[in-house]
Every structure is written in C-alpha cells, then in structure tokens.
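Engineer: Here's a structure for you.
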Amino acid sequence: MPREIITCQVGQCGNQIGMEFWKQLCMEHGINPEGILEDFAVNGEDRKDVFFYQADDEHYVPRAVLIDLEPRVINGIQKSAYSSLYNPENIYIAKHGGGAGNNWGRGYTDAEKVQDEILEMIDREADGSDSLEGFVLTHSIAGGTGSGFGSYLLERLNDHYPKKLIQTYSVFPIENDVVVQPYNCLLSIKRLTLNADCVVVLDNNALTSIAVDRLKILQPTFSQINSIVSTVMAASTTTLRYPGYMNNDMVGLIASLVPTPRCHFLMTGYTPLSLDQKFNSVRKTTVLDVMRRLLQTKNIMVTGAVKKGAYMSILNVIQGDVDPTQVHKSLQRIRERKLANFIPWGPASIQVALSKKSPYIDSGHKVSGLMLANHTGIRSIFKVLYDQYRTFRKRDAYMNIFKQTKIFEDNLDEFDSSDEVVKSLIDEYAAAEKMDYINWGNDDDDMQFDPREPPKFSNIQ
C-alpha cells in the first residue's frame, strides 16, 4: 500500500522549486499539465498515489499546500499551463500581500496569526490519505517567508503530527544574497535541527557552480537552478514512486542515512546532469562510472563540504537497466581505491538502491545516479553562517529590524537559544569524526539530547 506524503511549499523559492518538482513528476508518471493521465500511461506500474490523489473526475491532484506572503510566484503558477493541476483550496496568499520583508520575525509572526487556516488545509489533506507517512517542506532559509513561516510550520507539524516524518529540501543562500540572512539562517537552522527528521541541504553557491562549470551556462537563471533541484528531488523520491525491494518508503530511506537524531543534514550529488537532452555528454554510462562520479567534489551540491571530514552514510539511488552484479563489482572497486573516507565508529559501506526509470521520458543515457550522503563536512556551511551571525551580533547590526516583531519585542532570547543549538550542531558533526563520539556530550549537564538516542522514525510502525 502506498504511504502518502504531503508537500508544503513555503515562500518564493519554496514554490518555485515545488513547481519544477511537480512538472517533473507529471512527466515521469505520464500526467499532462491538467492532471489527466495520458493514454500511453494507463497501465503503469508506478505509485502515483504517494504524491497525487485522484479527484472525482479522475484527474490527478498533487498532495500539496502552497503558501506565500506575497502573490507574485503563486499567481505565476496559477497563470501557467499547470494552473488547473493544484487544489485551489490548498493555496494560501497573505491578504496584505506585502511579503515578510526578508525578516524571519515577520514570517514567523504572520504564520502564527494564520496557523488555524494553514493547519486546516494540511489536516484536510491528511484526512484524505489512507496511510500518511510524512511531510516534505520546500523553502529557502535566507529570506523572510521560507525561513520564518517555514520555521513556524515545522514546529506546528512536529506538535500536530508527532509520529509522522518531516523531510525538508532547504535552499542555503548565496553570500550577501540578503543583508540580514545570517540572522534568518541561524534561526531557521535551529528549527531544522530540532523539528525535522531529515534535511536535504541545497547550497545555492554549489548549484550555481555546477550550472556554470558542468552545464556551461554563463549566467544561470533561477529557473535553470530550480530545474537542477527538481531533478534531485525527483530522483530522491524515485524508490517511493517506482518501488523495488528496498528503500520503498520514507522511513527506510531516512533510517539508512541518519545514525543519530541531530546529524540528519544530507548533501546530494547527481550524474549525468543535463537541462537539455541535446547537450547530453557523449559517453557510455556504466554503474561504476556513475558511482565514481558521484563521489567527485565537483558533482556534490554543497560547496567544499567533502574536502575534509568523513562520510557517516551514503545511499546511491541508481536508475536504469542495471545488472546487480555490476553494482557489487563497482562497490569492490570503490573500496579498493579508497574513494570514500568513512567515520571510524560505523560501517564503512555504500548502500545502493536500484530503481526503475520512468518509461515516459527519454533521458538519453542508460544509467543515472543520485547520491544522498551524510558527511561531517556539512558543518562547514553551518560554520560560515554561524560566524557571519556572530560578527553581526557583536555589533548589534540590523537588530532593530527584528525588535519590531512580536517574538523579539521583549528580549532576544530566541537568538541566544538558536546560537546554542547551531553551535552544538557544529560541535557534534566535528565530534562524529572521532572514535569516542558515542560518549560525546555525556559530561554536559545542559545537553538537551543524547546522541545515542534512536531517531524518532526508528519507532514508527
């Protein structure tokens, strides 16, 4: 039985990458922009019901809630070819339409004001599911709506659905994208640490470099970057939609990648990557070639994260017509060449999930691969943002912007709490590189968690 997943798209970036994700899913499942199943896709062996439901007229509708505090992006979706795909009851645009002004505090406060309306949408979707497994949140952590509204939504989902999984696709910013982004990011990372079960980190710097260096696009547009993100999102859900023997639900995917509760931030790699089939590389794709390329720094979508540190876990999702014996031989070669450095206290193994490719898309290559990896080097992206925050905070730079919002009008305790959580997260990823990690935090009476505690999802039946 399919286990359904509800997607929440929050803010400009969240809705843009969400839109590209649904376009990709429609193509892969043979669904046209109006939600009608194409004649050639009637007898498919896929699980559409994980992400879609069928309305009374049998057209497919995404299990999605679209949220923004300013209308431009969602209005664009409603005027696009996919306008009739979504359930209009699941769209929220703030009546004031003024956005959050790149202020986490405004986004968070606005979310609190309309929480009943948003939760009613989500509850309605949940009630329409036979066996809801969890939620996916798409957002950016740099601006105001994706970060602030997204943070509040994470807290409420965790409270409201304590036994359901929460996975996010979180876009981390380009340097100096928003002047107050160090504040917005720190406050968001606290919620991603405490209220999500798995966070896929999408680094805008790395995505831009990949577009320039690998796809030879001199000035990548938002649409082209979002297309790369949608490729990763679709590939990471392919085992749920085209199930095999393993990793065919969200629990299985996350459990294989997250060894301890807070170390749940993942990086991704994808190959071969192309936005236009005409520009596909002329090369023979083999399992070994794909798996070797996935470990190369230039293919990883977090800047510089794997240059230092060690892998805690790796899951490669290989799509295409693949002989399992090729996988075994490829893993042996990678082990012999020591292409991946693992932490000393866990299994040094790459897990592989084989998945079918959509029969409705001609990708131009026989084998493609996605790497989902938990690597201690991910802390470098947190450290950069944390250091920027500390620099701003010492000078109280731009703090008056936040003091104008309800959550900060009396005190700045929320900043201090977020500082502590993010610093602890950075320290834990550093400690995870050492053999005695199992004892990390035992001497600290103020620790809010035990790193040896099993993740939430391990107890879900």
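Yeah, the Cβs are placed from backbone N, Cα and C, and that goes for glycine too.
Features from Swiss-Prot:
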BINDING   Ala142, Gly143, Gly144, Thr145, Gly146, Ser147, Gly148  GTP binding site
Engineer: Taking the Cβ of Ala142 (GTP binding site) as the reference point, list residues of the same chain whose Cβ is under 8 angstroms away and which are at least six residues distant in sequence.
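Structural biologist: Set apart from Ala142 (GTP binding site) by at least 6 residues yet with Cβ under 8 Å, we have Asn102, Val171, Phe172, Pro173, Asp177, Val178, Gln181, Asn184, Cys185.
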Engineer: Are there any residues at least 6 positions away along the chain from Thr145 (GTP binding site) with a Cβ closer than 8 Å to its Cβ? List them or say none.
Structural biologist: Val10, Gly11, Gln12, Gly14, Ile67, Asp68, Leu69, Glu70, Gly99, Ala100, Gly107, His139
Engineer: Counting across all protein chains shown, how many other Cβ atoms sit within 10 Å of the Cβ of Gly148 (GTP binding site)?
Structural biologist: 33
Engineer: Please name the residue among the binding-site residues Gly144, Gly146 whose C-beta has the most neighbouring C-beta atoms within 10 angstroms.
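Structural biologist: Neighbour-count leader: Gly146.
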Engineer: Around the GTP site formed by Ala142, Gly143, Gly144, Thr145, Gly146, Ser147, Gly148, which additional residues qualify by having Cβ within 8 Å of the site's Cβ center?
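Structural biologist: Surrounding the site, in chain order, are Gly11, Ala100, Asn102, Asn103, Trp104, Gly107, His139, Ser140, Ile141, Phe149, Gly150, Asn184, Ser188.
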Engineer: So how many other Cβ atoms are close to Ser147 (GTP binding site), meaning within 10 Å of its Cβ?
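Structural biologist: The answer is 35.
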